[in-house]
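J.: According to TrEMBL, the record shows the following:
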DOMAIN    27-107  domain 'Manganese/iron superoxide dismutase N-terminal'
BINDING   H52, H100, D189, H193  Mn(2+) binding site
DOMAIN    119-219  domain 'Manganese/iron superoxide dismutase C-terminal'
Amino acid sequence: MALRSVISRKTLGSLGLGFSHARGLQTFTLPDLPYDYSALEPAISVEIMRLHHQKHHQTYITNYNKALEQLEEAMAKGDSSAVVKLQAAIKFNGGGHINHSIFWKNLIPTSEGGGEPPHGALGWAIDTHFGSFEALVKKVNAEGAALQGSGWVWLGVDKESQKLVVETTANQDPLVTKGPNLVPLLGIDVWEHAYYLQYKNVRPDYLNNIWKVINWKYAGEVYDKECPHPESR
């Protein structure tokens, strides 16, 4: 099933996945960043941010829209073979759009609170499930560094069990591919395009430094929405 068939407009809007309509077909647009390209330096360079947002993310959107248009045409023609063939492109490019739209919200300049440890319900849950905030960081860094090839490392919450999990996904697979009840709180892009211009082949250095600009306020808001725990605040 195409990604647009399983994701509601409400969900897309909450993730900041801009979309519009052309000839009745839903299309997606590149979301604006809530900060300047230079705002995350020195953790992430202005050059990386500009290329990552304007080139890489835009390419996923362009190819996603193209694949969706081709899918609509194939379905109108009843071309089942073409519909099946398009699923890989839809998953890859649609996942790239979804993941990057979350990633931009997971980052914030240090001057605006970037890197400040989580408090409230999420901070309490991290201590409960991982032992400490430091233990969580160590686990995420280890999982991200060990991921072979390209992909993402995630902190998510299972909205059924309300348990926090650390997962990795290959390529541009969204976290939901690891479980239908998993909601991403924090996603770190470990594709080379996210760090190579600055950190070369030393992915662990990138993972260590990105925590300085992590937006825990946003992650906490998502957690509170999915797992309200008034007694733990």
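Cβ coordinates come from backbone N, Cα and C, glycine included.
No curator has checked TrEMBL annotations; they are predicted automatically.
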J.: What is the number of residues in the domain 'Manganese/iron superoxide dismutase N-terminal' (27-107) that are helix, strand and coil, as DSSP sees it?
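T.: Each residue of the domain 'Manganese/iron superoxide dismutase N-terminal' (27-107) counted once, the result is 58 helix, 3 strand, 20 coil.
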J.: For the binding-site residues H52, H100, H193, which Cβ has the most other Cβ atoms within 10 Å, all shown protein chains included?
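T.: Within the set of binding-site residues, the most crowded position is H100.
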J.: I'd like the number of other C-beta atoms within 10 A of the C-beta of D189 (Mn(2+) binding site), please.
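T.: D189 (Mn(2+) binding site): 24 neighbouring Cβ atoms within 10 Å.
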J.: Quick check: with H52, H100, D189, H193 left out, which same-chain residues have Cβ atoms within 8 Å of the centroid of the Mn(2+) site Cβ atoms?
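T.: Going along the sequence, the neighbours come out as H53, H56, H57, F103, W191, A194.
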